[in-house]
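Participant: So TrEMBL says this about it:
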TRANSMEM  94-114  transmembrane segment
TRANSMEM  181-199  transmembrane segment
TRANSMEM  211-229  transmembrane segment
TRANSMEM  250-269  transmembrane segment
TRANSMEM  296-319  transmembrane segment
TRANSMEM  384-408  transmembrane segment
TRANSMEM  414-431  transmembrane segment
Amino acid sequence: MSTMCALHRALFTGRTVIRSRTCRPMMNNMLPQLFSCFKTANQRNFHSLIRMAAPLRSTVKSITGQSRQLLPGIRKSATQASTPALPAYTQKAIGWWLVGCSGMVFGAVVLGGVTRLTESGLSMVDWKLFKDMKPPRSQEEWVAEFERYKQFPEYIYVNKHNEMTLSDFKFIFYMEYAHRMWGRLVGITFLLPAAYFLKKGWVSKALKPRLAIYTALIGFQGFLGWYMVKSGLQEQAKSTDVPRVSQYRLASHLGSAFLLYSLFLYQALGHLLSPNKLPDTHLKQFVKLRGLSHGVMATVFITALSGAFVAGLDAGLVYNTWPKMADRWIPSDLFSYSPTWKNIFENPTTVQFNHRNLAESTVIAICGFWWMCRKAPLPPRARLACNCLLGMAFVQATLGISTLLMYVPTHLAATHQSGSLVLLSFAIWVAHELKRMPK
Ligand code: HEM
């Protein structure tokens, strides 16, 4: 038995050990005392060691209160215990900051959706990190900006015929401007506190490389946004086509935002939620549920990506009936494009068909998962997360069907888009609650 292990046993008798983040710093502070305790007890007499460590144990209990959780099994290694301790409040601060970052990404997704739905996304015809930050201010500047917009396909093929006025242009410009500025704000909300926390030494060793990944993802997100807009500013294959951004790029932009959101949220929950107290007796069942919760998370993510293709191709307008597509379960033009694989990403009928079927399968999978969870002795918080997931799956499907039946009105489509993030959040929460299950 390693020295650390013996010390742990001394402090927390039997098979129970305190593993929460709150306790670790205190454990480390008390190590010198524990070592002397250990020496006095002369290693062989383990029971007297336990006796001597008892006062320390009650100190830990009184400091941490009842909030920390007890987990079965001693899993903490000597190396883990010897890493420098971070006070609990620093981890809470980091947790809330990450919640804030995920909230900002959520806001960016909603704003991006509304920008697309109001057909405002192609109003700013270039991209400069700093110059973009000031909108036109004088009448001359607005006129010049409008003249520049008039050179691009969206005006030439659509808005010219709609007799767009300068004030119409100002509306779509401000929508896109707000989305771009929000994107910059996400960067600032992440980077400034990150620099502060790093300087203060509050960031754990494990979190440091993740912060680097988040930074890269935020930058990549901005790049993808511009790359997507660029595709809508080019001439379309046929001059009669309505100018729109590439559905591939839209799906990448949305997918990368969803990924960033998920990473922030998962990490935040890790910092804020204390581990669950779980029964030791249903080990296999919990491991299985944990695996399934990841499956549910992935299914929701893939369904959302398929939704981005529907949005990118305006495929929500091709068949506006449910459950059948027109009067058929399988529409006749499902594979009308050649080669066949193109239908999956480019044929609006197939894209809508896939999204419907993926969404319905996701709802069924969530129902099955919920049923399995119902039979397991889950702690109350994990059960609440499961119930929320199930409820939201039905809300989201209802929103999707209503969006379809009502020919994609902006408010419903935007709510459906936000709903997908809420559903994903519940899936992440469930997976997080099950994370603490013993393997
Ligand atoms: C698990 C359930 C579902 C999820 C996670 C989901 C997710 C999404 C996402 C992320 C979008 C893209 C929104 C955008 O970028 O603006 C979308 C679009 C869409 N979804 Fe769903 N969806 C689900 C269920 C459904 C169902 C059941 C239907 C209808 C049968 C449906 C119909 C649509 C339509 C018509 C659009 C296009 C809206 C637009 O053009 O903005 N969805 N969905």
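Glycine too: its Cβ is placed from the backbone N, Cα and C atoms.
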Participant: Kindly say whether the transmembrane segment (250-269) and the transmembrane segment (414-431) touch, using the definition of 3 or more Cβ pairs under 8 Å where each pair is 6 or more positions apart.
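Facilitator: Checked: the transmembrane segment (250-269) vs the transmembrane segment (414-431), in contact.
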Participant: Against the transmembrane segment (181-199), which of these stretches has the most C-beta pairs under 8 Å: 94-114, 296-319, 384-408, 414-431?
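Facilitator: Checked against 94-114, 296-319, 384-408, 414-431; highest Cβ contact count belongs to 94-114.
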Participant: Counting a contact as 3 or more Cβ pairs under 8 Å, with residues at least 6 apart in sequence, do the transmembrane segment (94-114) and the transmembrane segment (414-431) touch?
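Facilitator: Yes, the transmembrane segment (94-114) contacts the transmembrane segment (414-431).
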Participant: Do at least three CB pairs under 8 A connect the transmembrane segment (211-229) and the transmembrane segment (414-431), leaving out pairs fewer than 6 apart in sequence?
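Facilitator: Contact between the transmembrane segment (414-431) and the transmembrane segment (211-229): absent.
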Participant: Who are the chain neighbours of the transmembrane segment (384-408) in space, where the CB to CB distance is under 8 Å and they lie at least 6 residues beyond its ends?
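Facilitator: Contacts with the transmembrane segment (384-408): 117, 296, 307, 314, 316-317, 319-322, 359-360, 362-363, 366-367, 369-370, 373-374, 378, 415-416, 419-420, 422-423, 426-427, 429-430, 432-433.
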